[in-house]
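Trainee: Sharing a structure with you now.
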Amino acid sequence: MHLTRQDQKIDIVLRNQGATDSTFEISDGINDPEKNVITEPRADSLEEGLDPRPDGNLIYSINDRPPWYLCILLGFQHYILAFGGILAVPLILAEPLCIKENNAAKSQLISTIFFVSGLCTLLQTTFGTRLPILQGGTFTFITPTLAILALPKWRCPDMSATAQPNTTDSAALLVDGDEVWKVRIREIQGAILVASMLQLVLGLSGLVGLVLRFIGPLAIAPTINLIGLSLFIQAGQKSGAHWGIAALTVCLILLFSQYLSKVNLPLIAYKDKKWKVFQYPLFKLFSALFGMCGAWLVCFLLTYFNALPSSPNEYGYMARTDINLNAVKSAAWFYVPYPGQWGLPTVSVSSVLGMMAGVLASTMESIGDYYACARLSGAPPPPTHAINRGIAVEGVGCILAALWGSGNGTTSYSQNIAALGITRVGSRLVLQTAGLLMIILGLFGKFSAVFITIPDPVIGGMFLIMFGMVAAVGISNLQYVDLNSSRNLLILGFSTFSGLVLPTWFHSNPGMINTGIKELDQLIMILFTTHMFIGGFFGFVLDNTIPGTEEERGIKSWRKVDAGSKIHMTDQSCYNLPFCTNFIQRFKLLHYLPFLPSLESQELGTHL
């Protein structure tokens, strides 16, 4: 689901027709109209806005502005897709934070992480890379978090200790039950707060952009590919709860996104003081949402008629929709998160160093996500200044997550990037709407708790489609590389295979790393258990050290494609900051800042 050379026949003039929707001003940038003819938003009218594109691929590209009601529906679809991943973070941390049975605390953490994720999504889509990319809780921070909470001083106290006359310091904390977990989350907050400064410095200083000068398709392909392949365990575990329901979810998504993608449903609209009937690609736009809701409905009916096992030990029990109903009942109606709600963060050197490994892994993963998102949204590959700014904004997002106390950081979400290719909607405005929905709906505790009832096999079926899509997007970058070259095949095969083998071995042998320095052991463990880091690292090193021509490596055609805008729906101006383009162009000194577009990139549209 990526843009190919067949997409070159694009009539740019057609992009300049249609009125704009002034309802969502947040996605607009003040750009030179003479340079941005091809980035004009599409028509606001539903009937006019769905005219088929000349390339027959995307319905809405990155700068297009669908009607407000369509933005809400599509944004809600992204909210649903991200829900499982974001929700998993506080549920995984519940036991080490000592709130396994504290539903009120879990509800507060869930509301906080959704609120922060929506806030960071707005920052990234508006001031970061400006790609339609959703920000949410990251699993790369969970490994160091679990390592920190596994230390003896942070282990959960024994509840029976309160009955003993000789109480310890840990048991004394039980006088205030909330203090037991708050003192632990403050330690995690401090580690994330300081470690995220590294990500901020990498982006603002341009160090990330300097490294990108040496990155080509052979480094990007295994990185993005392993983002999808490395998640097969999560997809298998969720789907394995009931393979029949998971297969149903897959079939429904495939049915709506592929087999019925060209089937338009007749809808009625009121325009020019009369009712009109028009054809609408409903299945194409909401394929993932329809697929999940359809399988969810089947699970509800099977649960209602007691067709599914009622014992947790029986196969298929996890397909029931009444397992987590208590979470809905115990959730508060309204909860407003605020910075410092758990107290002042605490900082320790060992915790910060361990969390920095998660920051580096998250940075590498996000760079690969930027390229995948650009390909699926009709944008040219991101220029250096956009990637620098995106990483810096992700650092800001992690700092905000630490201040609010979500127990985690934020990163780009691969499953939502894959949804861009399935729905063929890559509009930035849709993701900005999704960010607003996450903020608003995060304030309603019971609403968020309802989605906890989505059965695991339904989520697993969705993962099978989404993560497979991400892996395929990574492979698509190889179209620029000479695949008849044994050099390229060696680099690609070794980097991808190593990205699968090494993390698996390190997970199976956690005690093999013993340098005598716990912080260094933790750093090595986290880096070498991150699939994307291993694959991207070997691809990067081998591609830049093994002799090969630029034509052979795909660098020449890669940069040639980046510089040309004819095969993309927009030009490089889609990465310019909103509201201040003219200001930046007026002061040449600002062009030397690594996170702002240079004069050369604005005039020539070059990449790297």
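In case you wondered, yes, glycine gets a Cβ from its N, Cα and C as well.
Just lifted these from TrEMBL, have a look:
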TRANSMEM  76-97  transmembrane segment
TRANSMEM  109-127  transmembrane segment
TRANSMEM  191-220  transmembrane segment
TRANSMEM  240-261  transmembrane segment
TRANSMEM  282-305  transmembrane segment
TRANSMEM  342-361  transmembrane segment
TRANSMEM  429-452  transmembrane segment
TRANSMEM  458-477  transmembrane segment
TRANSMEM  489-508  transmembrane segment
TRANSMEM  523-542  transmembrane segment
Trainee: Sort out for me which stretch, of 76-97, 191-220, 342-361, 429-452, 523-542, has the most Cβ pairs below 8 angstroms to the transmembrane segment (489-508).
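Mentor: Result: 523-542.
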Trainee: Who are the chain neighbours of the transmembrane segment (240-261) in space, where the CB to CB distance is under 8 Å and they lie at least 6 residues beyond its ends?
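Mentor: Sequence-remote neighbours of the transmembrane segment (240-261) are 281, 283-284, 286-288, 290-292, 294-295, 298-299, 315-319, 422-423, 455-458, 460-462, 464-465.
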Trainee: For the transmembrane segment (523-542), I need the partner stretch with the highest count of C-beta pairs below 8 angstroms, choosing only from 76-97, 109-127, 191-220, 429-452.
Mentor: 191-220
Trainee: Which one of these stretches, 76-97, 109-127, 282-305, 342-361, 458-477, has the most C-beta pairs shorter than 8 Å to the transmembrane segment (429-452)?
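Mentor: Counting Cβ pairs under 8 Å, the winner is 109-127.
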